[in-house]
Amino acid sequence: MPELPEVETTVRGLARFLEGARIESVRLNRPDMRFPFPPDLVQMLTGATVSSLGRRAKYGLLHTDRDSTMVFHLGMSGRWRIDPETDEKHDHLVLETPGHRFALNDPRRFGFVDLVQTDRLEGWRAFAAMGPEPLGSELTAAHLKAALAGRKQAIKLCLLDQAIVAGLGNIYVCEALFRARIDPRKAGGTVAKAALERLVPAIREVLEQSIADGGSSLRDYAAPNGELGYFATRFAVYGREGEPCLREDGGTIVRIVQGGRSTWYCPRCQR
């Protein structure tokens, strides 16, 4: 599933071609993805100029000069293709600008598109209760300490709660907890302030490094230009069950299941 770095990579790739461009045509190849396409999507986008692109958590944002924003989520297998030579079976939405074509392809159709009035974005259904962006200045150890106060749930699961931090997914939580030397099983409310002071920069570092690497290409994800991200080659714990800890401390990476998801960590150095 594309996580924050993959969405950021996608947005940056699209921005190179779409920002300032006029959308000449919009084509829907089916009536829905995970949810039906907005009934006024074609009308509102056709003829509009893209003012900018952005991201909130794992959602891409395409802002237009009509005070409307197309919000897109890539689901489990979605990706944008730029200037595809031919249509593919799972191209569900196609935008055309002078000289370029953009196809939203999603074989499993867990992704979706919505259209929101730009000045009402903060109150949109998925954003209203969302926590701070992990790459922004609002994410601090003090924020985490307050948000985690009294929480008996494992810190790993707390960090996946979008109301605590926006946009974190399984891969990057595992990697950040390793860098911060925090046991993912520890109750969120018991994590010391000093550990949270390590965790905040660890979260930023792992996300920024993944963005620089083009994300992590697991299964279906590829950037809009078709290139695969290679942060997966840097995984310290994710998917490394039974392998030695990279800290060479004699530890071995183990896998457990938390909240129905796999967690990888080193019991020797994550405490």
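Keep in mind that glycine also has a Cβ here, set from the backbone N, Cα and C atoms.
Annotation comment: TrEMBL describes Pro2 as active site, schiff-base intermediate with DNA. DSSP classifies Pro2 (active site, schiff-base intermediate with DNA) as coil under the three-state reduction. Neighbours of Pro2 (active site, schiff-base intermediate with DNA), defined as other CB atoms within 10 A of its CB across all chains, total 28.
Taken from TrEMBL, the feature domain 'Formamidopyrimidine-DNA glycosylase catalytic' applies to 2-111.
Feature annotation from TrEMBL assigns active site, proton donor to Glu3 (among others). All chains included, 23 other C-beta atoms sit within 10 angstroms of the C-beta of Glu3 (active site, proton donor).
Per TrEMBL, the feature active site, proton donor maps to Lys58 (among others). Look at Lys58 (active site, proton donor): DSSP puts it in coil. Counting only residues at least six positions away in the same chain, the Cβ atoms of Pro2, Glu3, Leu4, Val7, His73, Leu74, Gly167, Gly169 sit under 8 Å from the Cβ of Lys58 (active site, proton donor).
Its Cβ taken as reference, His90 (DNA binding site) is surrounded by 18 other Cβ atoms within 10 Å in the chains shown. The DSSP secondary structure for His90 (DNA binding site) is coil. Residues or ranges marked as DNA binding site by TrEMBL: His90, Arg108, Arg151.
Annotation source TrEMBL lists domain 'FPG-type' at 236-271. Proximity of distant same-chain residues to the domain 'FPG-type' (236-271), defined by a Cβ-Cβ separation under 8 Å and at least 6 residues beyond the stretch ends, is recorded for 154, 156-157, 160, 170-171, 174-175, 177-179, 181-185.
Note on Arg261 (active site, proton donor): other Cβ atoms within 10 Å of its Cβ, all shown chains, come to 14. Reduced to three states, the DSSP call for Arg261 (active site, proton donor) is strand. According to TrEMBL, the active site, proton donor annotation covers Arg261 (among others).
Taken residue by residue, the domain 'FPG-type' (236-271) breaks down under DSSP into 0 helix, 12 strand, 24 coil.
Of all the binding-site residues listed (Arg108, Arg151), Arg108 has the fewest other CB atoms within 10 A of its CB. Recorded residues Arg261 (active site, proton donor) and Arg108 (DNA binding site) have their alpha carbons 20 Å apart, per Cα-Cα distance.
Taken residue by residue with DSSP, Arg108 (DNA binding site) is part of neither helix nor strand, so it is coil. Of the residues the record lists as binding DNA, namely His90, Arg108, Arg151, the two whose Cα atoms sit farthest apart are 42 Å from each other.
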